[in-house]
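**Student:** Taken from TrEMBL, the feature repeat 'ANK' applies to 7-39, 38-66, 71-103, 104-136, 137-169, 171-198, 267-299, 300-332.
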Amino acid sequence: MNKALTNGATPLYIASQNGHLEIALVAVKADVNTALTNGCTPLYIASQNGHLDVVQALIAAEADLNKALPNGVTPLYIAAEQGHMNVVQALVAAKADLNKANNNGCRPLYIAAQEGHVDVVKALVAGKADVNKKTADGCTPLYVAAQEGHVDIVKALVTSRADVNEAKTDDGATPVFIAAQEGNLDVVQALVEGNADVIKAATGEWMPLKIATNQNHSVVLVAYLENVIRTQLGNNFVDAADRGDVNKLRWFLALGAYVNYSKEGDEGRTALWKAAQNGRLDIMQALVAVKADVNKVNNNGATPLIFAAQEGHFDVMQVLVTAKADVNKANNKGSTPL
């Protein structure tokens with residue numbers, strides 16, 4: 001049963017290659033792990049060709065699930081690459097190593113994501129494959145799915161808590177950056193809905209909007225990114241004011257944050273309002289210097305000066321009054337700063 005051709009092919013290998021289950025069941029009494037001279041085992045070739053019944057017979061005969069070619073490619077990897085869903089499921093159920101990489105650091109989940117096999121991706125994720133493992137050049141499964149425009153896979157990986165902001169090691173590009181570069185609006189939207197940071201830059205200061213514009217992609221994509229960036233910049237800007245982080249506040253201003261922005265659902269409170277509320281003199285001074293509206297009210301009609309007075313932040317009040325805050329402006333209940 002183990003007598004082989006000059007290339008190492010045994011009867012079991014040939015039966016596995018061609019999907020001949022009956023012959024394989026007889027030949028399986030031989031060494032199930034005997035490989036060709038190139039390292040290819042019966043389980044590998046059966047997995048590559050999608051012969052599920054033969055794969056199951058070889059698994060039952062205790063074939064080595066993780067025996068790889070010299071390039072590191074395993075039976076599970078090749079089945080994932082070819083999109084043989086049933087074979088992948090059988091190997092996952094048999095406890096094949098889901099995270100074993102080839103010599104380039106590519107794993108079954110990565111290659112399935114690259115090739116667009118969404119069902120295989122879901123099966124590997126369900127089997128607890130690591131969704132954030134990188135290749136040798138720093139690409140994650142989410143990055144390559146975004147690059148190739150596989151929106152269903154992007155959504156599946158985002159749902160499985162893949163890191164949407166993990167940058168590619170060699171150039172710093174994130175999944176949303178590469179999706180914008182490729183002009184794929186659906187993928188960009190899926191990533192943004194998964195909380196991708198569109199402000200995070202690649203090498204230099206190339207934000208996704210810049211690369212989409214420079215690549216002459218659709219006006220819809222550019223307009224969408226402009227809106228998302230406006231919102232994310234504004235949210236980050238207000239949060240920096242709330243935390244009292246004056247350096248980040250100035251950085252977001254330099255990137256184009258709208259100085260009188262208020263976050264959705266935050267009752268109309270601007271960065272200046274937050275500074276007045278928290279008594280942050282340095283934040284207040286930075287905002288007044290760039291002409292923030294000192295009389296802009298929140299949803300209750302209260303100005304920053306009213307709240308600074310209520311909290312007893314007299315130094316902040318002085319800055320506001322010097323900047324022409326209306327000392328007589330009342331809130332919706334008729335209360336004034338005085």
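Start at 1 and count along the chain as shown; that gives each residue its number.
Just so you know, glycine gets a Cβ as well, placed from its N, Cα and C.
No curator has checked TrEMBL annotations; they are predicted automatically.
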**Student:** Can you tell me which parts of the same chain pack against the repeat 'ANK' (137-169), counting only residues 6+ beyond its ends and a CB-CB cutoff under 8 A?
**Tutor:** 105, 109-110, 112-114, 116, 118, 121-122, 125, 131, 175-176, 178-179, 182, 184, 186-187, 190-191, 193-197, 200, 202
**Student:** Express the predicted model's confidence over the repeat 'ANK' (38-66) as a mean pLDDT, rounded to an integer.
**Tutor:** 93
**Student:** The repeat 'ANK' (171-198): which same-chain residues, six or more beyond its ends, come within Cβ distance under 8 Å?
**Tutor:** 140, 142-143, 145-147, 149-151, 154-155, 158, 164-165, 206-209, 211-212, 215, 217-218, 220-221, 224-225, 228-229, 232
**Student:** By DSSP assignment, list the helix, strand and coil residue numbers for the repeat 'ANK' (171-198), in that order.
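**Tutor:** Per DSSP, the residues of the repeat 'ANK' (171-198) fall into 17 helix, 0 strand, 11 coil.
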